[in-house]
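The block underneath contains the structure these notes are about, expressed in structure tokens.
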């Protein structure tokens, strides 16, 4: 018997944020996420030391899922961001950068964690209240009767992901397809509570991006030989569909729970086949036109159905079961017994289609709330990133449908918000502190650390040595290229602000980001004509941004409040 190793005592560390190891690892994580941020963010290649799949990305969801972290504090931070991204899809890097900078900034102040956390909560509440208010100067309404703002929102997501490797023309094409795919999921006669359909992304790797398209209904990939064997159906009415979630292969090992009793001298295989053929006879008598099976259909049953001009398709997989149920109105059949008439559904029509080298069986719905986005890209790496980006964009559109507002992007919301907080804390600190135990000096220190963290997110957009400025009227971001001459006439160097709403021809005064300047009131209440005339805005999802802001501050507060880290080393 081998000797058992004695248990090691748990490792207990006090004041974890004061250790050099923790500060270094936080700094490394911050540099990784910061370098990925924005349209010119740098790509990361992630792979393990034993080879295998290599992930090339700049997206937080792919980055953090492939990034192995071991320190408990980093695990808290990455888990918080991953939970946010799993719920909202967008603003993961924003959340990570803001959280890391908040932790770094307040550590330098020497204030007690209790004071820092209390004031951070006040500032977070101030931010959320302002961003949700009617007077907010960086929030615009989204009109679903017009595609202009919706296209801007989708385009902003695509352009922020450089690993997709899209040209401007390709970006416009894919943006329009994503928007069309989303609009197809909205029921035409929706009243009250809306139940959205689903957009399925079908891979077409190695094809031109411009060949991507959207089709109503579901595409089932098949070989050319299989398609040739399918009999054409000519019918003026809808086609009746039966959908099976159990195997029709006759395999007795897949009978589900329970006991199979077989009489002596009876062939089990023949008994099961007879039952399958009886099932086929019921399908024929019920005038079914199309049989779909998640698993395998026995060749004899398939031939029997084909003889009676019923199309039978098997091995469709679990992924398509939910969309097929929604689109056809079927109830998946899970047994070989008698079929309830309510289990059947229908489709408007079926046809075959070919895209690139792939062949598909196309199910055309009665009502187009399920659609297929055939997504093309040059190679596997670019396609994987584009697929993830399209899923993000579709989710953002769903969130925007629930809360039809968008925030100005390109860093303008962050600089505007920082200007608003500075003005509020300098000119009306009593409204923030109220009956709190904190002093105005502590509020000024924390507010500056908070605003500096917001501006650090903005600074992360610049990766090529350029300068970032803010104007003293709107509080928006303006970028200057690294090789620009140092002149006082900024309008000659600046064209548009980060979000694209304002141009430099207005009478504006600028200052460098993070430079010392007097607090000012950023203009609120966006003029309707300014928003309506802008056709190429950079926008962010309001719901995702608010959640990211909240997660960043709350996670930073949680980490700052840690007094001990206890690790079980066994």
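Here the Cβ of each residue, glycine as well, is placed from N, Cα and C on the backbone.
Feature annotation from Swiss-Prot assigns ATP binding site to 192, 193, 194, 195, 196, 197, 198, 199. Residues annotated as region 'Substrate-binding apical domain' in Swiss-Prot: 198-370.
Sequence-distant contacts of residue 196 (ATP binding site), defined by Cβ-Cβ distance under 8 angstroms and a gap of at least six in the same chain, are 185, 186, 187, 369, 398, 401. In the predicted model, residues of the region 'Substrate-binding apical domain' (198-370) average a pLDDT of 88. It is 192, among the binding-site residues 192, 197, whose Cβ has the fewest other Cβ atoms within 10 Å in the structure shown.
Among the binding-site residues 193, 198, the residue whose Cβ has the fewest other Cβ atoms within 10 Å is 193. Residue 195 (ATP binding site) counts 10 other C-beta atoms within 10 Å of its own C-beta, drawing on all protein chains shown. Within the same chain, residues at least 6 positions away in sequence whose Cβ sits under 8 Å from that of residue 194 (ATP binding site) are 186, 187, 401. Residue 197 (ATP binding site) falls outside any helix or strand according to DSSP and counts as coil.
Taking the Cβ of residue 199 (ATP binding site) as reference, residues of its chain lying under 8 Å away and at least six apart in sequence are, in sequence order, 181, 182, 184, 185, 370, 371, 372, 373, 394.
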